[in-house]
Amino acid sequence: MADRFIKMHGLGNDFVVIDARDAPVEMTRARARAIADRHTGIGCDQLVLLEPSSVADLKMRIFNADGGEVEACGNATRCVATLLGASAQIETAGGMLSVSRDDKQAHVAMGEPRFAWEQIPLAMPMATERMPVGWSGLEAPDAVNVGNPHIVFFVDNADAVDLGLIGPEIEVDPLFPQRVNVNIASVDRDNRLKLRVWERGAGLTQACGTGACATAVAAIRRKLVQSPVTVALPGGDLVIAWAPGEPIRMTGPATRVFDGETDWSRFG
Ligand SMILES: N[C@H](CCC[C@H](N)C(=O)O)C(=O)O
């Protein structure tokens, strides 16, 4: 019997979504990597597996293109929100998420950000604002956990940084025991951030929802912008709202591209 999937994207960050709520699909690192492969598989930045939940409308599991299972994916959360009712709860490894949708946008409460070095996590005690570290001229970043680990550098022009070169180096630096998503941001014009992201386990993507959340939180803390802030990614804009003590709220589009069928036993 053919297995169904839905190809979706959030601002060009693309997903293969498998709804396994009625029939389990065994997912391994090798199978996730094989499905995500853009040459020999279906192709996506992340694979999203939906399973039954005893505490929410469903459980969302996220696998990066390298096969690694991770805690959070903001763009995928908006996509999954459009498969549910007007409002819903989604259980993830990074925490419980409240989502809602209208005919154009999806809205996600991403939980509260965490800032302590052991919550990022870092390999040693360290201030996580204007950290005393640097790579190839990128200095004094902020580290934020928004369900998954992010490091945020603020520069004069985000487009002037060769993120394809420096991103993979920082991603695997021993300072980050679970690796890290690397964000390069600049204040674009009044109250708007330009953001480029090297994603842990996926590389350069058109957009990163959790990256936009982490960057907006760091910029609001530094008083570079005020909440709500527009974050301009290569694939388009997200609006992020946050104040200390509150969950991060993200709003943006989600696109269903096509429905497909395959046999998962072919992969991995
Ligand atoms: N690469 C991320 C997962 C996907 C995040 C991104 N696609 C988003 O929209 O948040 C990580 O390893 O934590």
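The backbone N, Cα and C atoms fix where each Cβ goes, and this holds for glycine too.
The following features are taken from TrEMBL:
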BINDING   N13, Q46, N64, G74, N75, N148, N181, E199, R200, G209, T210  substrate binding site
ACT_SITE  C73  active site
ACT_SITE  C73  active site, proton donor
ACT_SITE  C208  active site, proton acceptor
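Taking the centroid of the Cβ atoms of N13, Q46, N64, G74, N75, N148, N181, E199, R200, G209, T210 as the substrate site, the other same-chain residues with Cβ within 8 Å of it are D45, I62, V70, A72, C73, A76, V197, A202, T205, C208, G211.
Under the DSSP three-state reduction, N181 (substrate binding site) is assigned to strand.
Between the listed binding-site residues, namely N13, N64, N75, N181, T210, the fewest other CB atoms within 10 angstroms of a CB are found at N64.
R200 (substrate binding site) is surrounded by 24 other CB atoms, counting those within 10 A of its CB over all protein chains shown. Counting every protein chain shown, 30 other Cβ atoms lie within 10 Å of the Cβ of C73 (active site). Geometry remark: T210 (substrate binding site) versus C73 (active site), CA distance 6 Å.
Counting only same-chain residues six or more apart in sequence, the Cβ atoms lying under 8 angstroms from the Cβ of C208 (active site, proton acceptor) belong to N13, G74, N75, N181, N183, L195, V197, E199, L233. In this structure, the CA atom of R200 (substrate binding site) is 11 Å away from the CA atom of the residue listed as 'active site'. In the three-state DSSP classification, N75 (substrate binding site) falls within a helix. Under DSSP, the residue listed as 'active site, proton acceptor' is assigned to coil, being neither helix nor strand in the three-state scheme.
Residues N13, Q46, N64, G74, N75, N148, N181, E199, R200, G209, T210 are the ones the record ties to substrate, and the longest Cα gap between any two of them is 17 Å. C73 (active site) and N64 (substrate binding site) have their C-alpha atoms 10 Å apart, to the nearest angstrom.
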